[in-house]
Every structure is written in C-alpha cells, then in structure tokens.
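Quick look at what TrEMBL lists:
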- B:131-147: transmembrane segment (TRANSMEM)
- B:159-178: transmembrane segment (TRANSMEM)
- B:185-205: transmembrane segment (TRANSMEM)
- B:211-227: transmembrane segment (TRANSMEM)
- B:234-255: transmembrane segment (TRANSMEM)
- B:290-308: transmembrane segment (TRANSMEM)
- B:362-380: transmembrane segment (TRANSMEM)
- B:387-404: transmembrane segment (TRANSMEM)
- B:424-448: transmembrane segment (TRANSMEM)
- B:476-599: domain 'STAS' (DOMAIN)
C-alpha cells in the first residue's frame with residue numbers, strides 16, 4: 001500500500017465525464033440571489049417586469065387591494081353564488097361570534113361587531129377567494145387565559161375590554177409587520193404537529209364544568225357535524241346547526257318563561273353598529289406588556305390558522321396566494337377591527353370550509369356576511385334576548401372538541417415519532433405550564449430536530465445493485481453487494497461546524513468496521529474510500545478543514561480518498577480553499593459508478609492483490 | 001393532457017430496478033440507534049464487547065485513567081524524548097504562567113501553581129499524548145474582564161482571588177459534566193469562525209497602553225516567533241525566547257539596580273508548593289452568580305481550545321481521542337486545580353505545539369514539566385525577584401497579537417462569506433458589547449445558517465450530460481441539455497415544516513418558469529415533472545402533506561409527478577403515510593435516467609406531440 005497516489009487513474013481508464021467547477025459568480029449577484037430566495041421566494045415583482053409606469057402604479061394598487069383586480073370582472077353568476085354562501089356563513093357567524101366572545105370573557109355583542117368590520121377590510125385587501133373572516137375558538141380562549149392572569153373580567157370589565165382591544169391592535173400591527181418585512185416564513189416554524197398539540201392543550205385547560213348543561217344541544221351539534229363530515233354534500237346541515245340551536249333554544253325559553261326560573265339567558269344586546277374604540281387603548285404600564293404579549297401570541301396563532309386555511313383552499317381551486325400579502329391583509333383587518341370594538345379575527349377553518357362548500361366565488365361572500373351581521377346588529381339583537389347560555393356553551397364545547405384532534409396525533413405517531421413528540425410536548429406544556437411555555441417548548445423541539453439532522457447526519461455504506469453500475473444504500477437495498485477493496489460512503493447532510501467533528505469520527509469508524517470485517521472474511525485489503533457527495537448541499541470552512549484532515553487520515557492508513565459527484569457549492573469551496581488540488585482533480589468523479597470503475601482499474605492493473613475474490617465484482621463496461 | 005395517468009410506463013418499458021422500501025425496524029431498535037449516534041458516535045463501549053468481567057473492570061479503569069494503559073508499556077527511549085520536551089515546555093510555562101496570571105489580575109505565583117497540579121492530573125486522566133497543560137491568554141483575559149465587572153482586583157484582592165477559584169471549580173464541574181453526560185458535541189457549536197473572531201475581539205479590548213514599554217523584548221519575541229513559524233525545526237528558538245527574555249531582563253535589573261530607579265519588578269514570590277484553597281470558595285450571593293457565569297464562559301472556551309488542540313495532534317500521529325473522555329480529564333484537572341490554588345487551565349495550542357515539536361511521546365512530558373515547576377516553586381522563586389514587569393508585558397502582548405489571526409479572517413472571507421460574517425459578529429460583539437454578547441451573537445448566527453439551509457433549501461433544474469444517461473445541475477454543468485416535455489428538479493435538503501411551504505411555492509415557480517420558456521420557444525409541452533430525491537435525507541409529516549399537495553397541484557395542471565431515488569427515510573414515511581400508493585409505485589424510479597427513459601417512452605408511444613423538436617433529445621438506450 002502507499003504508492004496508489006503515484007499513478008493516475010486517468011493513465012489507464014478513459015475518463016468520459018469531468019466534475020465541473022461552477023462558473024464564478026460575482027459576490028453581489030450571489031448575495032442578491034440568496035436575499036431573493038430568503039425573502040421573496042414567491043417572486044412578487046414578477047408581474048411588474050417590462051410594464052409602463054402607469055401600469056406599474058395600477059398593479060401596485062391591485063397588489064395591496066386585490067379587490068381592484070377582480071371587481072371589474074365580477075359577474076352576476078358569481079354574485080348569485082356569493083350571496084348563497086354569504087348568508088350561509090352569516091348564519092354560522094352570528095351564534096359562533098356570540099359564543100366565542102363569551103369564551104374570551106368579552107361582551108357577547110363583540111362577536112357580532114367582529115363579524116362586521118374585519119370581513120369588509122379583508123374583502124378589499126385579501127387575496128383568498130374562500131377565506132371567511134371571523135373570530136376563532138383558540139384565539140378567544142388564549143385571550144381569556146392570558147389577559148385573565150392579571151385582570152379579572154368580572155371585577156374590572158372595562159379594563160379587560162380595553163386590554164383586549166389593545167392586544168388586538170398589537171396583534172394586527174405584528175401580523176402586518178411580518179408581512180411588510182417579508183418575514184412570513186416565521187409562521188412556518190409553527191409546524192402542523194405543534195399546532196395540533198397546542199390546540200388540544202388549550203382546549204383541555206378550558207373550564208369544562210361551565211358547559212355540561214347544554215347536553216342535548218351539544219349532542220345535536222356533534223351529530224350534525226359527524227353527519228356532514230361523512231357526507232360533505234350535506235355541509236349545510238352542520239353549518240345551520242348552531243343557528244337552529246339558538247333559534248330553538250330561544251323559542252323554548254320565550255314560550256316557557258324559563259328565564260324567570262333560573263335558566264340564564266344572554267339578555268339585552270345593544271342595538272346599533274360598532275362603536276369606535278380608538279380611545280380605549282391601554283398604552284401605559286403595568287398592563288401594556290401583557291397586552292403586547294397576548295397580542296403577539298394570539299396574533300401568530302391566528303395568523304398560522306388564517307394562512308394555512310387560505311393556502312389550502314387556493315390549492316383546491318388552483319390559484320395563487322401570497323403569504324406575506326395575506327399577512328398584511330389579516331394584520332390590517334385587526335388594526336381596523338381594534339379601532340371599531342372588534343377583537344382578534346382571522347380565517348377560521350370551519351367557517352371557510354362552509355364558505356367553500358356553499359360555492360363562494362370571491363370575497364364578496366364576506367361582504368354579504370358583513371351586511372347580514374349589520375342588519376342583525378341594527379334590527380335583530382332583541383331576538384337574542386331569550387337565547388339560553390347553555391346553547392352557547394354547547395356551541396363552545398363542540399368547538400373545543402373539534403380542537404382535540406386525536407386522530408391527527410395518532411397519524412403523527414404512525415408516520416413520524418418525532419413529530420408526535422413535538423405535538424405531545426406542546427400539549428403537555430400548555431396543560432401543565434402555560435400557553436407560552438407550550439409554544440416555546442414545541443418550537444424549540446422542532447428546531448432541535450432540524451439542528452440534530454445537521455449535527456448528526458446519517459451516513460451509509462453503498463453497495464452495488466446487481467447488473468448495473470448503480471450504487472445505493474446497502475441498508476435500504478438489501479440485494480446490493482460490496483466491491484472488494486473499495487469502501488463507498490454516503491453523507492446525507494451539509495458539512496458544517498456542527499457536524500464536522502462527528503463526521504470525521506464517523507468516517508474513521510466506518511473504515512475501522514470495514515477493516516475488521518475484511519480481516520475476519522479474508523477479502524481483498526481495503527485500498528480506496530469513495531465518498532458520495534451527492535447529498536452534501538453545502539460546506540463551510542470547518543467542513544473544509546475536516547475534509548483536509550479526513551484526507552490526511554485516510555492516506556496515513558495507506559488508503560486513497562476518492563470523491564463522487566460533489567455539488568456546485570462544494571466544488572466552489574473546494575476550489576477556493578485549494579483543497580481540490582490537494583485531493584487531485586483526477587480523483588473526483590461524476591458518479592460513484594465511474595469512481596468505482598477507475599478504482600477497480602487501478603486495483604487490477606497496478607496492484608494485483610493476492611486474495612482477490614471474484615464473488616462480488618460488479619458488471620461494469 | 002390528462003390521460004397520462006391512465007397508462008402505466010411499465011406497460012412499455014422493461015423496468016430493471018425498483019426502489020426498495022427499507023425493511024421495517026422495531027421502534028425500540030431505531031430509537032436506540034438514534035440515541036447511540038447522538039450520544040455515543042465514537043462507540044466507546046466497542047472494546048468492552050465479549051470480555052470477561054475482570055477484563056471489563058480493568059478496561060473501565062483504563063478508560064478513566066489512560067495512564068494505566070500506557071504506563072506498563074513505557075520505555076526508556078520514550079522517557080528520553082519526554083524529558084527533553086518536558087524541560088522545553090517548562091521553560092515556556094514558567095514565564096508564560098507568571099505573565100498570564102498578571103493578565104488575569106491574579107498574583108503571579110498562581111501561574112506557577114497552575115503549571116504544577118493540573119498537568120499531573122491530566123497525565124493520569126488525559127488521552128492525548130501531545131497536549132501540554134497550562135493557563136491560556138484568552139481565558140486569563142476573560143477571567144479579568146468578567147470578574148472585574150463586580151470586584152476590583154486591587155481594592156479587594158482576596159475576594160477576587162476566591163472568586164477566581166470558585167469560577168475555576170464551576171468551570172471544571174461544567175466541563176466534566178458535559179463529558180459524563182456525553183454532551184461534548186455542544187462544544188462543536190462554537191465554530192472555528194466564532195473562535196477566530198472571539199479571540200481577536202478579546203485581545204482588542206485588552207488595555208494595550210500598560211505594555212508598550214517592553215518594546216525591545218516584544219520585538220525579540222515576535223522575531224523569534226516569525227522565524228520559528230517559517231522554519232518549524234527551530235521551534236525551540238521561539239520556545240526559549242520568553243525564558244531568555246526573563247533571564248536577560250532580570251540580570252539587567254540586578255546589575256543596574258534599576259528596580260530602585262522606577263523600573264517595576266515582580267518582587268518577592270512566596271517559596272513553597274500550592275497551598276490548599278478548598279476553604280476559599282464563594283458559595284453565597286451576591287457574587288456566586290458571577291462566578292458561575294465566568295466559570296461557564298471561560299470553561300467552554302478553554303474546553304474548545306483544549307479539545308481542538310488534542311484532536312489536531314492526535315490526527316498527526318494517527319491515534320484516537322475520545323472528546324467526552326478528554327472533557328472529563330480537563331474538567332477534573334480544573335476541579336482539583338481549584339482546590340489547590342490554581343486557576344483555569346487547558347491545553348494551550350502554543351505550548352502543545354512546542355511539546356509536539358520537541359518530540360514528546362506520552363503525557364510524561366507533562367509530569368516532567370510539573371516537576372520542573374515544582375523545583376522552581378521550592379527553590380528558584382527568589383530568582384524572579386528582579387524580573388521586570390515590562391518583560392511580562394511583552395510576553396502578554398506577543399500572546400495578544402497571536403490571538404488576532406487576521407490571516408484566518410481573510411481565508412474565511414475568501415472561502416465562505418457566511419463564516420466571515422460569523423467571525424466579524426463575534427469580534428464586534430466582544431469589542432462593542434461584552435464577552436457573552438459576542439459569543440451569543442456568533443453562535444446564534446451560526447445556528448441561523450443551519451436553520452436557513454433547511455428553511456430555504458436550494459433547488460435546481462437538472463439537465464442531461466451529453467452522451468450519457470446522467471442528469472446534473474444545469475447551473476454547474478453548463479453543457480447539459482434539457483429533455484423536451486420533462487422538467488427535472490432536485491431538492492437539496494430534508495423536507496421539514498420549516499421549508500414545506502417554501503418548497504411548494506418554489507416547485508410551482510419552477511414549473512411556471514419552464515412553461516413560460518416553452519411558450520416562447522415553442523418546444524414540446526411540459527408533461528412530466530421528475531423530482532430527484534437523492535439529497536432529501538429526511539421528511540416529516542408537514543413534508544408529507546406538502547408532497548401530497550404538490551402532487552395534486554401538478555396533476556391539476558395536467559402534468560404527472562415522477563420521483564427518482566427517494567432514500568430510505570423518505571420511502572419509509574411515504575409508505576407509512578400511504579402516499580406511496582397515491583403517487584403509484586410505478587412512478588418511482590431508482591435513477592433520474594430510468595425515470596426520464598420511462599417518461600420519454602410514454603411521450604413518444606402514447607402521446608406523440610405535434611411540435612416535437614429533436615434538437616435536444618438525449619442519447620438514451
């Protein structure tokens with residue numbers, strides 16, 4: 001051993017393919033490209049290219065107010081569809097709004113206010129055609145539990161109310177800023193697993209005892225939901241169920257005068273549209289910090305739901321949604337909402353699904369819903385006087401049960417144990433700690449997984465797939481055979497500071513293992529170590545030093561390091577650090593197959609071993 | 001378009017290779033394997049396998065006290081080498097020890113104490129043969145700047161001294177715990193770039209004015225270092241330079257009685273060995289927190305240097321070092337040191353390099369150094385009475401200049417801009433903020449890079465390499481040609497929650513771009529999208545949902561999704577989530593070449609397009 005590096009494989013084998021060093025790019029261009037992929041991956045300026053200044057202005061307005069784009073093309077047939085779906089979601093919005101406001105410990109009328117102004121703002125600024133705007137159970141619950149830590153809603157209702165408006169303002173500002181700063185991807189760090197666990201946890205801590213009375217209504221709601229889930233065509237049955245419950249309950253109370261016999265009812269709801277709440281904001285200590293914290297937590301959770309819902313339905317109908325633009329729309333709707341006595345709104349999944357199923361065409365359905373709610377506010381509030389609280393509780397419980405998605409948790413366990421751990425951590429954190437603790441733990445564990453993927457990358461030994469020049473992971477492809485005298489390794493992650501020490505040790509352990517195996521079987525001595533670099537997406541300076549050391553270490557053992565298929569980033573850096581010359585360009589191959597071919601040629605031509613066995617030689621040209 | 005999914009490619013093309021679903025593993029086994037790779041990547045229990053209980057006990061003792069392993073084999077020729085190198089490093093250790101103790105605002109004698117006990121402990125427990133134990137400039141500087149925030153060393157020297165011992169104790173406990181808990185990889189998160197910037201920053205904030213006097217000594221030290229750097233054989237010239245400076249300076253002062261004319265000298269050094277300091281620890285507020293913080297920061301920095309130095313020299317001599325075991329050794333040496341009037345020690349690079357160059361064979365050189373220091377402590381301390389402080393300052397400045405490694409920073413800029421940013425952030429953080437801020441910023445940016453790699457993975461279009469069935473990144477290989485009607489994409493990272501939304505958008509943008517291009521050139525309409533999954537190391541449930549949506553989206557456009565070479569983790573999860581059946585096993589190929597072949601067969605057999613151009617058809621069998 002040892003003279004393998006004096007003779008070149010190119011001397012004997014005709015090299016057909018060469019690994020290219022990618023053409024050098026000016027630093028500014030690379031940097032611009034990285035910035036673009038990080039912050040503008042959806043290429044929002046694409047449509048502005050090659051347009052006249054006037055057209056650019058129009059497109060700019062249309063960008064922030066998509067209504068300008070679709071309104072001129074709006075047709076009567078669209079309107080027919082939108083009016084049906086708008087009325088359907090209004091019938092859901094009114095009872096749900098009142099119930100969720102109660103869940104947030106806020107006056108019931110706020111639920112109606114919140115279904116009036118925000119949908120109008122969203123209709124102008126939003127780009128989803130299917131999103132139905134309204135309050136959501138989880139954000140209502142969070143508002144109650146977070147604000148409730150410092151201010152009691154019963155003892156100090158006006159301060160509590162003002163804090164809720166302030167939190168909504170901050171949530172809106174935070175959401176819109178994420179959109180403006182193109183930081184929308186922060187929402188992506190709330191994985192699906194996190195949300196599942198988090199919502200179930202939030203629902204679990206909820207005070208269930210307050211709602212066990214409305215059993216028969218609850219039973220009705222759950223039955224209708226189950227039915228509609230199994231037969232999506234009858235979505236309207238579960239959509240109408242809350243209003244039906246409210247109407248039935250109210251009539252029952254009115255006829256039996258049950259309100260005089262201890263059955264709690266909503267009581268008087270103020271007639272009239274949203275009052276202005278711009279003077280109610282709390283911008284002074286000690287409660288402002290709480291309002292900011294509540295705003296950020298509820299804002300990001302609401303945003304995650306709204307964006308996910310918008311994206312899902314846009315996929316169904318095959319149109320494009322700009323996440324950052326949506327954030328601006330949702331944020332603005334909350335900013336305006338907080339000034340007009342609304343609390344946090346987003347695009348709830350349940351309401352949007354009803355909207356979609358009812359055949360909505362554009363955001364006009366939101367306008368129709370807003371008008372229906374406006375009419376209710378102006379003329380119909382007395383009708384809710386006799387609505388029993390138990391019905392609202394039943395609606396809330398039905399929503400809470402919907403938040404505990406145990407089927408999703410089972411699916412996570414089945415497909416990905418780690419995601420299950422994330423989900424359970426979020427759940428446990430919320431139940432035994434607090435809302436923030438649950439969120440932070442789940443996000444931290446999710447990030448740890450990403451870091452661990454890089455810190456402890458998977459490495460494989462590759463084997464030859466019979467009757468081919470293809471080399472694959474021997475664990476996955478159990479029919480592969482090893483090539484005598486050659487160890488082929490694959491590394492499955494970028495080589496960074498976080499894993500360079502690990503990989504150095506791991507590679508040397510693979511070589512130890514292989515040499516032990518060879519010693520026990522008496523095969524050809526190991527002479528070449530081929531590293532398949534296909535999956536190494538990037539490398540940093542620690543990685544480069546590691547490579548240098550691995551090369552020296554391999555050579556000190558009397559072996560030769562051969563590289564297969566390094567990617568563009570890796571080739572660029574090997575070249576810049578001049579390591580490419582140390583390794584030798586002639587030892588870098590385009591495919592593992594070609595590398596093996598060259599090594600075999602060397603093995604058989606220059607160094608015929610005494611104990612070559614032909615049992616596992618692959619079929620190469 | 002649209003009927004591509006009614007006919008199977010297998011109908012026409014003989015499929016030679018099938019993508020394997022890896023054999024199912026019981027959960028416990030997978031979990032155990034993951035734990036092993038995370039915490040025991042170096043397989044420390046390997047040697048214990050198949051051994052008798054008695055042998056296991058012996059091996060266990062040898063594991064924690066490597067001296068038991070090498071001492072019985074120790075020979076006279078080793079001893080000759082070790083005695084030469086031991087005396088050489090002692091001659092460096094004495095002046096450096098005194099100088100660095102002064103840098104840490106501690107009594108000079110502590111420098112000698114710290115070169116006596118810790119090397120003896122390391123000689124027993126350490127596994128490196130080349131590491132020379134001693135205090136280091138950067139940890140001394142950190143001790144001074146961190147403890148100096150709360151306690152003034154001049155006004156309250158005994159409290160300051162006790163805090164230094166306490167910090168050393170905590171550093172030692174922290175280091176040993178990392179080793180025991182097998183969390184050594186935490187040190188890996190301090191990248192080379194971070195350390196370069198951090199050290200230069202620490203040196204920059206140092207008060208330079210105090211040392212400008214010793215110009216000629218400094219000049220002498222720098223000249224000798226430069227000379228030895230260029231000619232490694234003459235390493236002893238720079239190794240001896242500090243002692244020579246000290247001797248020359250002391251003689252000069254003694255002869256001229258300069259100490260009476262304003263030249264500051266060290267003065268009286270107490271004779272005798274290390275006093276016990278076990279009763280000096282400060283375990284009460286308010287200063288304990290500071291001691292803990294100082295201990296952790298200096299401990300991890302010292303550990304990073306010690307481990308890196310040990311690893312580097314073990315690579316040169318081709319023996320193995322267990323990082324976690326080293327941490328235990330370094331930690332224990334600091335715990336014992338803190339009880340015997342020593343402050344933080346580790347394996348400094350400069351001293352270990354001298355040790356290596358002087359031909360050391362085992363840790364006996366540390367014992368020789370310790371004995372030399374012991375003799376100095378017992379008999380020779382009066383000789384340092386006349387040593388002028390300016391000489392010590394010159395030694396410190398020379399060390400500080402060595403910490404500012406501008407060449408390394410230039411190398412980082414050249415090879416990897418991101419690493420350069422990390423380095424500069426650490427520097428700026430330390431200089432304008434504090435030691436902790438600098439460290440936290442640099443580590444946070446390094447981690448952000450890892451997260452960004454996953455959050456914004458690179459995607460490429462692949463093209464056919466002429467005269468082959470190989471498909472590679474068209475940006476790197478400029479001579480590739482595209483295949484009419486087929487878009488081939490490669491994704492370069494695992495598909496996780498953090499990038500699933502990005503990838504969905506990015507894939508659909510690639511398809512948009514390709515369709516735009518085709519429209520302008522009039523080529524064959526796009527019919528197939530092949531995803532090369534080689535570099536996708538893992539996938540989570542968010543990624544699985546994303547895949548499902550991408551598939552639906554592609555089909556809605558009238559195209560067909562084809563997968564090439566999914567790895568074992570991906571196949572496992574596609575299988576568990578039943579997505580594999582939705583995609584269809586017959587649309588999953590082992591290589592891109594085989595996928596293209598099958599698609600082409602379909603294109604030409606079942607759906608002859610009107611506008612096929614032969615200009616860029618690849619040569620396939």
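Yeah, the Cβs are placed from backbone N, Cα and C, and that goes for glycine too.
Just so you know, TrEMBL annotations never went through curation; they're auto-generated.
Because the structure is a prediction, the values reported are computed rather than measured.
Same-chain residues lying 6 or more positions outside the transmembrane segment (B:424-448) and placing a CB less than 8 Å from one of its CB atoms are 142, 145-146, 189-191, 193-198, 200-202, 204-205, 293, 297, 301, 409. Each residue of the domain 'STAS' (B:476-599) gets a DSSP state, and the totals for helix, strand and coil are 66 helix, 21 strand, 37 coil. Most Cβ pairs under 8 Å to the transmembrane segment (B:131-147), among the stretches B:159-178, B:290-308, B:362-380, B:387-404, belong to B:290-308.
Between the transmembrane segment (B:185-205) and the transmembrane segment (B:290-308) there are at least 3 Cβ pairs closer than 8 Å, counting only pairs 6 or more residues apart in sequence, which means the two stretches are in contact. The list of residues near the transmembrane segment (B:362-380) in space but at least 6 beyond its ends in sequence, with Cβ under 8 angstroms from a Cβ of it, reads 67, 70, 74, 78-79, 82-83, 85-87, 89-90, 93-94, 97, 112-113, 115-117, 119-120, 122-124, 126, 128-129, 131-133, 271-274, 355. For the transmembrane segment (B:290-308), same-chain residues at least 6 beyond its ends with a Cβ under 8 Å from one of its own Cβ atoms are 131, 136, 138-139, 142-143, 146-147, 149-151, 163, 166-175, 178, 184, 186-187, 190, 195, 198, 282, 323, 326-327, 330, 334, 344-349, 435-436, 439. Long-range contacts of the transmembrane segment (B:387-404) within the same chain, counting only residues at least 6 positions beyond its ends with a Cβ under 8 Å from a Cβ of the stretch, are 95-96, 98-100, 102-103, 108, 137-138, 199-200, 202-204, 206, 208, 210-211, 213-215, 217-218, 220-222, 225, 242, 245-246, 249-250, 252-253, 258-259, 263-266, 350. Residues 88-89, 91-92, 94-96, 99, 217, 220-221, 224-225, 227-228, 263, 265, 353-354, 357-358, 383-388, 390-391, 394-395 of the same chain, all 6+ positions outside the transmembrane segment (B:234-255), place their C-beta atoms under 8 angstroms from a C-beta of that stretch.
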